[in-house]
Amino acid sequence: MSPQTETKASVGFKAGVKDYKLTYYTPEYETKDTDILAAFRVTPQPGVPPEEAGAAVAAESSTGTWTTVWTDGLTSLDRYKGRCYGLEPVPGEDNQFIAYVAYPLDLFEEGSVTNMFTSIVGNVFGFKALRALRLEDLRIPTAYVKTFDGPPHGIQVERDKLNKYGRPLLGCTIKPKLGLSAKNYGRACYECLRGGLDFTKDDENVNSQPFMRWRDRFLFCAEAIYKAQAETGEIKGHYLNATAGNCEDMMKRAVFARELGVPIVMHDYLTGGFTANTSLSQYCRDNGLLLHIHRAMHAVIDRQKNHGMHFRVLAKALRMSGGDHIHSGTVVGKLEGEREITLGFVDLLRDDFIEKDRSRGIYFTQDWVSLPGVLPVASGGIHVWHMPALTEIFGDDSVLQFGGGTLGHPWGNAPGAVANRVALEACVQARNEGRDLATEGNEIIREATKWSPELAAACEVWKEIKFEFQAMDTLDTDKDKDKKR
């Protein structure tokens, strides 16, 4: 047995401390199809070699601790330990590198995102030998994927339920997000749905506050849905936020939504927690409810480039835990999102098989083995002038959600919804006729304003509104080479 892969049991117990790399750095290791693979961005403290830092990550997120312990001799360390099997420098950074770590599948409980994250992104992120640590990507082996139920229904089943095909779905977050009474809230939902939207939505922090208790909101929103359906002949929905202070209340709200006969409920999966989310997803699957997922709190975890966890990992975890929609950024709106990176995790949400593609931030090939897909939701600071770009970027299998871009229309909520529906239909028709939305988008919208005064009014209001800030989360490049160019 080589010194690099020795087990403590094989050489007898010796009390004391030894370098992590002697046990957990194994560059000769050949990964198995059943291993969970992780790519960590590691920033070690000065004086800590990359090999030791990478091995420390593998150790502290699997079987290791700071000193040798005699109980190591009671198990097979080679079978259960994580292994740092590769290191690569980060382009343009002198003190960062990517550490590749393989974890044996037996370390994780079946069907539990909670347990997976507790190990992989647990205490190791506070390890003093590291200045910063970020989980960039995970490869989930098919053997582990098959232990998860995934989304309650998936993209195709949702389209069949709603009888809507060949275009993105349209939504609107009701604003102001806090302070409306339940009756006025329901009125706004009705006006938006009547005007042509497919969905309206509770904002992430609408739960059950003194100004609007959850049961009242559910009742008035259900009335709005049924009234709008009767008038338009289309199936409508409102994302009723079931998130609560405890799982029992969350399930009570989901049960009431089912009793009302509405098509969809909502959950804040990061603040609510993965255990609660998986339970709600299973209930939705068993009872025919779609599940919309909001990612509130994600930027606390994923926005800093050198520490935390990339959203592509949170997106994969959500697909495993369960959700039919999830917010994914817009690229063009007010929230963080670089184009190629966003398209990378959008594909990870929707597609069945995704090849490794570092140009889009995808570190590993991922096979979902027919786990249902998730619709990405583009939401945040978007309006009718963004419609061509959104349609071109996200394609048909997406939800485009305009809050202020609907309710801020100068003529009211229903005309705002009409403007968005007309803009979307114009873009879809132009695309189907072979026109290039990226280059002809503004012209397509202007042409549509000739037969839609509602769209013309919206275009006039928001013609100057842009959110042109550099994204924090960008692809790694060699800064010296970029300067020379």
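Glycine is treated like the rest: Cβ placed from N, Cα and C.
Feature annotations, courtesy of Swiss-Prot:
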ACT_SITE  LYS175  active site, proton acceptor
ACT_SITE  HIS294  active site, proton acceptor
BINDING   ASN123, THR173, LYS177, ARG295, HIS327, SER379  substrate binding site
BINDING   LYS201, ASP203, GLU204  Mg(2+) binding site
MOD_RES   PRO3  N-acetylproline
MOD_RES   LYS14  N6,N6,N6-trimethyllysine
MOD_RES   LYS201  N6-carboxylysine
SITE      LYS334  site 'Transition state stabilizer'
Original post:
Near the Cβ of ASP203 (Mg(2+) binding site), how many other Cβ atoms are there if near means within 10 Å?
Top reply: 18
Original post:
Between ASP203 (Mg(2+) binding site) and SER379 (substrate binding site), what is the CA-CA distance rounded to a whole number of Å?
Top reply: 11
**OP:** With an 8 Å cut-off on Cβ-Cβ distance and a minimum sequence separation of at least 6, pull the same-chain contacts of THR173 (substrate binding site), or say none.
**Re:** THR200, LYS201, ASP202, ASP203, SER379, GLN401, GLY403
Original post:
What is the biggest Cα to Cα gap, in Å, among ASN123, THR173, LYS177, ARG295, HIS327, SER379, the residues listed as binding substrate?
Top reply: 37
**OP:** Using all protein chains shown, find which of the recorded positions LYS14, LYS177, LYS201, ARG295, HIS327 scores highest when you count other CB atoms within 10 A of its CB.
**Re:** LYS201
Original post:
Measuring Cα to Cα, how many angstrom lie between LYS177 (substrate binding site) and HIS294 (active site, proton acceptor)?
Top reply: 14
**OP:** Quick one: among the binding-site residues ASN123, SER379, which has the most Cβ atoms sitting within 10 Å of its own Cβ?
**Re:** SER379
**OP:** Cα within 10 Å of GLU204 (Mg(2+) binding site) is the criterion; apply it to the recorded positions ASN123, LYS175, HIS294, HIS327 and give the hits in sequence order.
**Re:** HIS294
Original post:
Of all the recorded positions given, namely LYS14, ASN123, LYS175, HIS327, which is spatially nearest to HIS294 (active site, proton acceptor) at the Cα level?
Top reply: HIS327
